[in-house]
């Protein structure tokens, strides 16, 4: 036992810290400190001379060996070493399964991520800008119409692409949380998920059933070894032992070295075994109560979380006249009656100004514009054809005749055309 190395078993048990609860970490501490260290350090020095110092009051050859075998069928130290190995076996098997499961899950996540990346749709190309207006056309005046919404903003992004990006980020976060070995605290997760307890992490990794199974196996082994230790050694080491086995000629008395020290050490190992069994039971109760609380919380209705602010309803544009259509990706904007009257008055004032300019230049023989009011027109010449009575409030008549004698501004403002302002396309009617 002096040359026995515990480094491999110790390193293996330390890996269990990464995938166990807080109570499981306490159990592992008790196992390493009070069992492995005590057995390796204290047991070797106490039981090193247990057979050499075991003497009997006879000189019969072989009687000492036969009586020692009857006193201790299995050495205390070897019994405790075997107990440590057997009780640690379920935890080691659980660790192997957990490592295999997590490695396989990470590989599956990488495959799914690689399949999702080529299937993403390319981002939409920007809409082509409309052609620039004619150099001679002025920019249309701001008549108060609402701007059409033609561009696709961030909120209109393809939901499939956004969903794929979100899944990739979630997979990367999950892989990073699983790859964090010794730290069971999930960074950035408030509440019970970010606490020191690793129960939620075991649930997230899908290892709860295997973890409970290894707890049950450990508890069963603890009970079995406690019963076996009592049947083999009892609760004390007697200072002498009466032996009547062959080849002893008669009943001989054999004496044990350091019986009190060995009795204390035996009782300490009893206490450690009972403590480990109690920790196993507490851990099973902790997992059961935690799962029950999660089930109760899951049945309760969740409080309404403050969501995003509701969007205001879109402003309804004036209805377009029946029979009018617009190309795709264009919005049809119709002027209101107030805007029409204001523009007609502006056209009338422009026509009156043009007539005054012609009179100043001496061109009095030309008939006035049909869009002028009645009081602004001169007396008609005899024999001249009667001009049509154009209404100043008729947008179509003024717009139709404004192309003949009025400036290009009137035609561009009244006629049906398209212009570009701030990169957005608007159809004016």
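Note that Cβ sites are derived from N, Cα and C of the backbone, with glycine treated the same way.
What Swiss-Prot lists as topological domain 'Cytoplasmic' is 1-25 (among others), and the listing cites sequence analysis. Looking at the topological domain 'Cytoplasmic' (1-25) alone, the prediction's average pLDDT is 65.
According to Swiss-Prot, the feature transmembrane segment maps to 26-46 (among others).
The topological domain 'Extracellular' feature in Swiss-Prot is assigned to 47-78 (among others); the stated evidence is sequence analysis. Beyond its flanks by at least six residues, the topological domain 'Extracellular' (47-78) meets 1, 39, 232-233, 241, 243, 245-249, 252-258, 262, 265-266 of its own chain at Cβ-Cβ distances under 8 Å.
Taken from Swiss-Prot, the feature transmembrane segment applies to 79-99 (among others), supported by sequence analysis.
Residues or ranges marked as topological domain 'Cytoplasmic' by Swiss-Prot on the basis of sequence analysis: 100-214 (among others).
What Swiss-Prot lists as region 'Disordered' is 106-200 (among others).
Taken from Swiss-Prot, the feature compositional bias 'Basic residues' applies to 112-123.
What Swiss-Prot lists as compositional bias 'Pro residues' is 124-138 (among others).
The compositional bias 'Acidic residues' annotation in Swiss-Prot covers 142-173.
Tertiary neighbourhood of the transmembrane segment (215-235): same-chain residues 72-74, 76, 79, 83, 86-87, 90-91, 263, 266-267, 269-270, 273-274, 276-277, 280-281, 283-284, 287, selected by CB-CB distance under 8 Å and a gap of 6+ residues from either end. The transmembrane segment annotation in Swiss-Prot covers 215-235 (among others).
Same-chain neighbours of the topological domain 'Extracellular' (236-263): 46-47, 49-50, 53-58, 60-64, 66-68, 70-71, 76, counting only residues six or more beyond its ends whose CB sits under 8 Å from a CB of the stretch. What Swiss-Prot lists as topological domain 'Extracellular' is 236-263 (among others).
The transmembrane segment annotation in Swiss-Prot covers 264-284 (among others).
Summarising the annotation, Swiss-Prot assigns topological domain 'Cytoplasmic' to 285-429 (among others).
Feature annotation from Swiss-Prot assigns region 'Disordered' to 296-316 (among others).
Residues or ranges marked as compositional bias 'Pro residues' in Swiss-Prot: 303-316 (among others).
If you look up Swiss-Prot, you'll see 361-429 (among others) marked as region 'Disordered'.
Helix first, then strand, then coil: DSSP counts for the topological domain 'Extracellular' (47-78) stand at 12 helix, 2 strand, 18 coil.
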